[in-house]
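Notes for the one structure printed next.
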């Protein structure tokens, strides 16, 4: 075949306005909605339960008993995660067909549909509309939670990949914080406002739909999967400075030459491929650990936890907002330190600190030390947002080459959401069965185990190319010889020199495959 090659000086990239703008826009219209939907059901919980009960009285003449009402509300909370799991299973197909940016633009319709269902649920007297709306917005979050870090990981230069990769986690924390503020009684925390409160997700998505289509697609997707050199150079010129994009195209070409196939690998193919065995194990461990660390139990049931800790009911909403501010601050700390400290310290430190705080909650509840219990809740949230909130999504992009990345995000997302659903549905009953205190020891064990796994198994990926990261795992996967022998199998891409304004003079060279 005919390919293009480009040569250039290596160098570190600076953060351009275009990179920062697309990171903020994609995160604002997608990632933030995930955090918002996690916390939005917390404040109006009693109003929603009352609506369910009143509706059943109107339909059947009798209300729901406490056990059935708890089950109904647990389904409302957890169906968001079921939708997320369904969405995560669609990631591979969507990003391969429509691209990363194209997928984010197309799935905005789900938010408008889901928001309409929730917003008009009381008007039509239908609790089912809330559940359907939560499910549809869950599908959107399931897709976007994988696609946003994939998109940002692919457009970012290697020395900024960690920073841009954690921007979505800041917006997830910001979404939680905004839901907590709007849930105050002085704002939308009144009974008459809860349908509006649930449906506000359409506003950020509207901004994303208007602006994101103007930004380019992922250069890696354009070059490696679509083989569109002109579009690749246009995208790189948009996201980089006017010079030094040639070296980055060379790195993409090196990744393409090292791939055993230019076709996107299926989930089954990913699980069977022993050349990525430890990468798959790693994303399974960190994504399950991320959710089973106990953070979703804290987010879903913050008010109940603070009430059990003895905080006066009128003060709980303000305490909850305070924890949301800590989430945002901790997320910013992680984002601005990851390129200096690396991925491993944030993961190990975050999970270890969360484990200590989970054990602290158990002890504080046993000895009725309410203030220590609240401090430990805050510690869990801070520890999570510094590292475990965003790094698992980032390293899912970093551990895999272009052909394996969509399937890896499908696996990671599915496990993430399955664990999310399990915690959201089981935790209320777990609290009752274990008297509330000892259930946090389960989370302590999970956090400790994940921290140990990262410490002993996962290498540091900071400032490494995707090919270099793959080679770091090659020895552990027993694929060192095959990994090196695959280099040079594929046709080389050649591009000519660039003039001062980035215009490209194309040179064609046909190189015969060596087998």
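Backbone N, Cα and C atoms are what each Cβ position is placed from, and that goes for glycine too.
A TrEMBL annotation is a machine prediction, not a hand-curated record.
Note on TrEMBL: of 131-151, 236-256, the range annotated with the feature transmembrane segment is 131-151.
Segment annotation: TrEMBL labels transmembrane segment over residues 316-338 (candidates 316-338, 477-499). Among residues of the same chain six or more beyond the transmembrane segment (131-151), those with a C-beta under 8 A of the stretch's C-beta atoms are 26-27, 30-31, 33-34, 37, 41, 75-76, 79-91, 94-95, 100-101, 103-104, 107-108, 110-111, 113-119, 121, 165, 168, 198-199, 201, 218, 390, 393-394, 396-397, 405-406, 409-410, 412-413, 416-417. Under 8 Å from some Cβ of the transmembrane segment (435-458) lie the Cβ atoms of residues 278, 281-282, 285-286, 289-290, 292-294, 297, 308, 343-344, 347-348, 351-352, 354-356, 358-359, 361-362, 365-366, 388, 395, 427, all in the same chain and six or more residues away from its ends. Counted as Cβ pairs under 8 Å, contacts with the transmembrane segment (345-365) are highest for 371-395 among 107-125, 163-182, 194-215, 316-338, 371-395. Panel annotation: around the transmembrane segment (71-95), residues 37-38, 41, 45, 48-49, 52, 64, 103, 106-107, 127, 130-131, 134-147, 150, 221, 264, 266-267, 300, 406-407, 409-410, 412-414, 416-418, 420-421, 424-425, 428 of the same chain, lying at least six beyond its termini, place a Cβ under 8 Å from a Cβ of the stretch.
Within the chain, the transmembrane segment (107-125) has long-range Cβ neighbours (under 8 A, six or more residues past its boundaries) at 29, 33, 51, 55, 58, 94, 132-137, 139-140, 143-144, 194-196, 198-202, 205, 208-209.
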